[in-house]
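**Student:** Copying in the features that Swiss-Prot gives for the protein in this structure:
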BINDING   Tyr88, Asn124, Arg128, Ser174, Ser183, Glu257, Tyr269  L-citrulline binding site
BINDING   Thr120, Asn124, Asp125  L-aspartate binding site
REGION    401-420  region 'Disordered'
COMPBIAS  409-420  compositional bias 'Basic and acidic residues'
Amino acid sequence: MPEGNGTVALAFSGGLDTTVCVSLLKEEYGYDEVIGVTVDVGQPDYEFEEAEETAEALGVEQHVVDATEEFADLCMEAVKANADYQGYPLGTALARPVIAKAILSVAEDEGCSAVAHGCTGKGNDQLRFESVWRDSDLDVIAPVRELGLTREWENEYAAEKGLPVEGGDGGRYSIDTNLWSRSIEGSELEDPSTIPADDIYKWTDNPSDKDAELVEVEFEDGVPVAVDGEELGGVELIEQLNKQAGAHGIGRTDMMEDRMLGLKVRENYEHPAATVLLTAHEALEGLVLTQEERQFKAQVDQEWSQKAYQGLVDAPLTGALEAFIDDTNERVTGTVTVKLEGGHCRPVSRESDYAVYSESAASFNEEDVSGGITQQDATGVAKYHGFQSRLANKILDDAKKGAAVTDGSGDHAASEDTEE
């Protein structure tokens with residue numbers, strides 16, 4: 001452990017974990033001053049109010065950093081990569097490196113000797129924060145992990161010290177909210193057999209009798225730039241689609257998530273805008289990319305998603321993957337209309353000047369295909385298609401028949417026929 005006698009910048013939410021960390025960083029680690037850093041990546045206003053009230057009650061200097069634009073930019077990179085992990089669009093994972101960088105910047109500006117977080121030793125966030133911080137010369141402190149703290153111990157400690165812990169973590173669930181997603185975990189949801197109550201959802205209404213709605217999303221170079229003809233910045237565009245699609249109950253995920261440390265956890269997510277944008281983007285790619293590009297890009301997208309899940313968005317491999325993603329997305333320019341209905345989002349129309357599509361070639365009402373190719377020219381292809389499989393199956397059948405003769409089963413059958 002460091003000797004202290006300096007200043008430490010703490011990732012500060014005002015919840016139980018970080019409130020307890022403020023006290024422990026002074027008592028157990030010997031730091032003279034703790035600076036609380038709260039980073040805005042699209043959380044609701046009440047979270048900032050609670051963090052401010054808690055910081056004031058603790059006598060902690062608080063810094064609030066607006067990183068919504070940076071986070072929205074990273075979300076757009078995720079759209080270009082069709083990014084998801086086991087069916088969830090990486091909202092929490094994408095936010096952590098953005099938050100970590102903002103905290104590190106404040107720590108360096110304020111002359112801190114260390115940075116700290118309140119993550120447990122069981123989750124992913126400790127790794128995502130520290131992958132950014134350990135690239136600096138500052139000490140990294142993780143009190144909850146290093147001291148083996150439990151929620152029960154933290155509550156008892158907070159009561160003993162008279163720490164203000166009414167806000168933040170006071171509810172039944174652990175909730176994390178940003179522009180791209182809202183996650184809900186803990187309490188009875190830790191039992192995979194428990195059916196979640198409807199009241200855990202805040203962004204998405206129950207998909208019921210609401211009339212279907214068509215939404216048009218316009219892309220330039222793979223990045224969504226307008227909704228229903230209205231040009232919007234990244235933050236505003238995501239916020240609008242969260243409301244618009246959330247009203248139709250779109251973007252709910254209930255999953256068993258495999259964390260980086262090997263633990264399985266039950267997670268519930270809400271991500272209306274992410275669902276719409278990823279669906280629309282993939283539909284447009286299907287129109288403008290060749291078959292080979294789509295097949296290979298699916299592998300690249302999956303690898304990018306893995307690096308993003310790990311919080312390694314600045315890794316050299318991630319940059320190399322993005323070079324391919326950016327190159328293919330230069331043609332992902334056009335408009336996709338999606339239908340929002342009953343909790344589902346599906347593309348119903350797509351247009352682009354870069355469409356790798358010929359209506360006349362694909363039409364059942366036209367004789368010729370294109371470039372002098374006719375339907376009859378497919379006969380040779382049809383004869384060869386599956387030839388290797390047919391040949392392999394024939395050789396296998398012949399080998400089985402030969403084996404039957406060798407082991408005597410074939411001769412026995414023949415003698416029986418003769419006797420009859």
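Heads up, the Cβ atoms here are built off N, Cα and C, so glycines get one too.
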**Student:** If you measure Ser183 (L-citrulline binding site) to Thr120 (L-aspartate binding site) at Cα, how many Å is it?
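**Tutor:** One finds 17 Å between the Cα atoms of these residues.
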**Student:** For Asp125 (L-aspartate binding site), just give me the three-state DSSP call.
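**Tutor:** DSSP call for Asp125 (L-aspartate binding site): helix.
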**Student:** At the level of the C-alpha atoms, what whole-angstrom distance separates Tyr88 (L-citrulline binding site) and Asp125 (L-aspartate binding site)?
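**Tutor:** Each residue's Cα considered, Tyr88 (L-citrulline binding site) and Asp125 (L-aspartate binding site) end up 16 Å apart.
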**Student:** Determine the Cβ neighbour count for Tyr269 (L-citrulline binding site): the number of other Cβ atoms within 10 Å of its Cβ.
**Tutor:** 25
**Student:** Beyond the listed site residues Thr120, Asn124, Asp125, identify every same-chain residue whose Cβ lies within 8 Å of the center of their Cβ atoms for the L-aspartate site.
**Tutor:** Cys119, Lys122, Gly123, Gln126, Leu127, Arg128, Arg259
**Student:** Have a look around Thr120 (L-aspartate binding site) and count the other CB atoms within 10 A of its CB, chains all included.
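**Tutor:** Its Cβ shell of radius 10 Å holds 16 other Cβ atoms.
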**Student:** Roughly how many Å lie between the Cα atoms of Asp125 (L-aspartate binding site) and Tyr269 (L-citrulline binding site), rounded to a whole value?
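**Tutor:** That separation, Cα to Cα, works out to 16 Å.
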**Student:** To the nearest Å, how far is the Cα of Glu257 (L-citrulline binding site) from the Cα of Thr120 (L-aspartate binding site)?
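**Tutor:** The separation of the Cα atoms works out to 17 Å.
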